[in-house]
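Below you'll find the structure, written out as structure tokens, and then a few comments.
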Amino acid sequence: MTVERTPSTRMDFAVATAGVLLCAVGFALNRMWNELPWERLALSLCLAAMAAILAWPVRRLLRWSWATALAVAWSVALVVFVGVVPLLAAALLGIASLAIGSWRLPDDVPARTAVATAIGLVVIGGLNGWLLSWPIHVAPLWYVVLLGVVALRRKSLLASLAGLRGNIGAAIAGAPRWAAFAVTLAGLASTACWLPTMQVDDLAYHMGLPSQLLLHGRYVPDPSHQIWAFAPWLGDNLQGIAAVLARQDARGAMNALWLLLSFALAGALARRLGGGDTGRWIAVALVASFPPLVWMAAGMQTELAATALLFALLATVLSGSRHWVLPAAVLFAGLLGLKTMHALSALPLLAYGAWRHRDGLAWRQLPVALGACLLLGGSSFVLAWWHTGNPVLPLFNDVFQSPYYPPRAYSDVRWFSGFGAHLPWAMTFDTPRYVEAFRGGIGFSTLALSGVWLLALLRPAHRGVAIATTAVVVLPMVPLQYVRYTYPGMLLLAVVLVPCGRLALGRRGATWVFAGLCMLNLAFQANSGWLHHSAALKRTIRALGDESQVFPHYVPERMLLRAIPADDDGIVLTTVPDRNYTAELGGRGRGVLEHDPTLHAARAAAEADASGAGWRTLFDLSGARWVLVVPAQASPALQRALADVSARRVGAIGDAELWRLPDDAKDASR
């Protein structure tokens, strides 16, 4: 049957497709085909084909849907490359979180199981934030605590999980093709979890907390050598708990849990807002194909966890219950515990919730909600203030005057290009100006869905949530134009626009637009960062996840650190500012980047001293026994200093070398 379009629906269709045309024009004008990472796209398509081949016999023999069979195939791959033990550790943490978070959570919250798990993770990580410096972080104790929670809440757990399988089956049956497509894209996104930890900030900072818990059973922040030591730590805290449970790095497994929560919540939000089962899977596909998602899942930055918590916060706001305030406060505390910018961007959702529930707002719950927020999200701020005098060290140190950082406002001049209406276009086609990525690395959803966004603002049914989520995207970009901080908001806005887009575009139009957008985003997925732009995934697959065969190509320092005797507790000094890959040493690493203002200044002086005396002084100042050197970047002053103290080269891998300083290095230099 042919459906005739009225003038109103034709206008809606025209407005909705205007964003697609705008994106196409920008793509052509900027010759974006020259930026396509063809080799990595081919690898993604090959992996998708292999998953389908593996899923086919499962589907035939067990008569499962394509989506279910594909999910099994990708899950098996996750086990192979991430490992059974880390996945079991993350699963236990997730189940215990569900047991905690399901307590008093309203029944009508979309994706209640996922929301409850997110809340539980915040509770566990938030409370543990106050205990990080206590020497109690050992696997047996954590197993007793988490298994005890599961046992105590077993009835609630069973009730939460009872209808889950049936609900998933019904969702797949409602849109089987879209479900299979979305699961394939989700599986491709999960390949980022296969990669070993190699991103710069992770090796220089984020691995520090989990490594200290693993090695010492406690976390001892040292702001004199790491100015971010007291920065909001919920994400690294949870990574550390998973690592302690697994007795090894569990980043891939923990990120797989965050991905799963994000996908479940995205689909539930789209369906609750009127997208139906098809809209559910479109939302999952949009999130899974968002290029920066693989960058987020390959590292330990906060944006992946923030995405899941932000989705859960909106799901809580959309609840019809007047008891939404406390769960929302817990989730907001989680965002605060991840990064202050995430909390700032979430404020519009709280405002939308207050407006939406204005007739039945439970005012008596507000003091309890505020207390919960401070308890679960405030540990890093309180302890930072107590130990350093600055609750947000090193930020705003011109105000707080902490002795651990110069009395000036911390800022990164790279990301102050100017706020304005041009940003969606500029960020899409001139991406490196706004984040460490290649052109097209943030995908094309912002431009392609701009017409749908305009319609959502004009339609009363979608206006409120559209305004709130737009503010979530815009707020982080006002103080500085660094697009990474707005990744969670960009994903949330894309999900919210799905129902409006389906109505405006019609069934066939929505299929072409959303499927095409997902494929375009997938094509540019590797442009989200250097790691995915390299052959790292290919090498990981060839090595079946053996990181020792991958590190030498990208971060040889991680292999050199393994050459240090296990019983050696000496300080390791890195001599290249942007290669301070020593956080895994659990407090024994020293770097000359600005994370350590004293050594950073000492390096500047040492480089200006051709005699090598400055570097010899720096060796003494750092207390180093081991030195990591990149010969191609080693100045004559550094080389002379190593020779003067009779340092011995222990090993060389790739472009890096490990040197051993003699115990009497200070005397040897005289």
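Using the three backbone atoms N, Cα and C, a Cβ is placed for every residue, glycine included.
Straight from TrEMBL, the features:
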{"type": "TRANSMEM", "residues": "12-29", "note": "transmembrane segment"}
{"type": "TRANSMEM", "residues": "41-58", "note": "transmembrane segment"}
{"type": "TRANSMEM", "residues": "64-97", "note": "transmembrane segment"}
{"type": "TRANSMEM", "residues": "134-152", "note": "transmembrane segment"}
{"type": "TRANSMEM", "residues": "256-274", "note": "transmembrane segment"}
{"type": "TRANSMEM", "residues": "280-298", "note": "transmembrane segment"}
{"type": "TRANSMEM", "residues": "305-325", "note": "transmembrane segment"}
{"type": "TRANSMEM", "residues": "331-354", "note": "transmembrane segment"}
{"type": "TRANSMEM", "residues": "366-386", "note": "transmembrane segment"}
{"type": "TRANSMEM", "residues": "437-458", "note": "transmembrane segment"}
{"type": "TRANSMEM", "residues": "465-483", "note": "transmembrane segment"}
{"type": "TRANSMEM", "residues": "512-531", "note": "transmembrane segment"}
Quick tally over 41-58, 256-274, 280-298, 331-354, 512-531 of CB pairs under 8 Å to the transmembrane segment (305-325) gives the top stretch as 331-354
In contact by Cβ distance (the transmembrane segment (437-458), the transmembrane segment (366-386); 3 or more pairs under 8 Å):
no
Counting Cβ pairs closer than 8 Å to the transmembrane segment (512-531), the top stretch among 12-29, 134-152, 280-298, 437-458 is 280-298
Beyond the flanks of the transmembrane segment (12-29) by 6 or more, those residues with Cβ under 8 Å of it
5, 425, 428-429, 444, 447-455, 501, 503-506, 509, 513, 517
Range from 64-97, 280-298, 437-458 with most C-beta pairs under 8 A to the transmembrane segment (41-58):
64-97
Same-chain residue ranges lying at least 6 outside the transmembrane segment (437-458) that approach it to Cβ under 8 Å
12, 15-20, 22-23, 26-27, 30, 32, 35-37, 286, 289-292, 295, 424-425, 427-431, 466-467, 470, 483, 487, 490, 493-494, 496-497, 500-501, 504-505, 513, 517, 520-521, 524, 527-529, 533
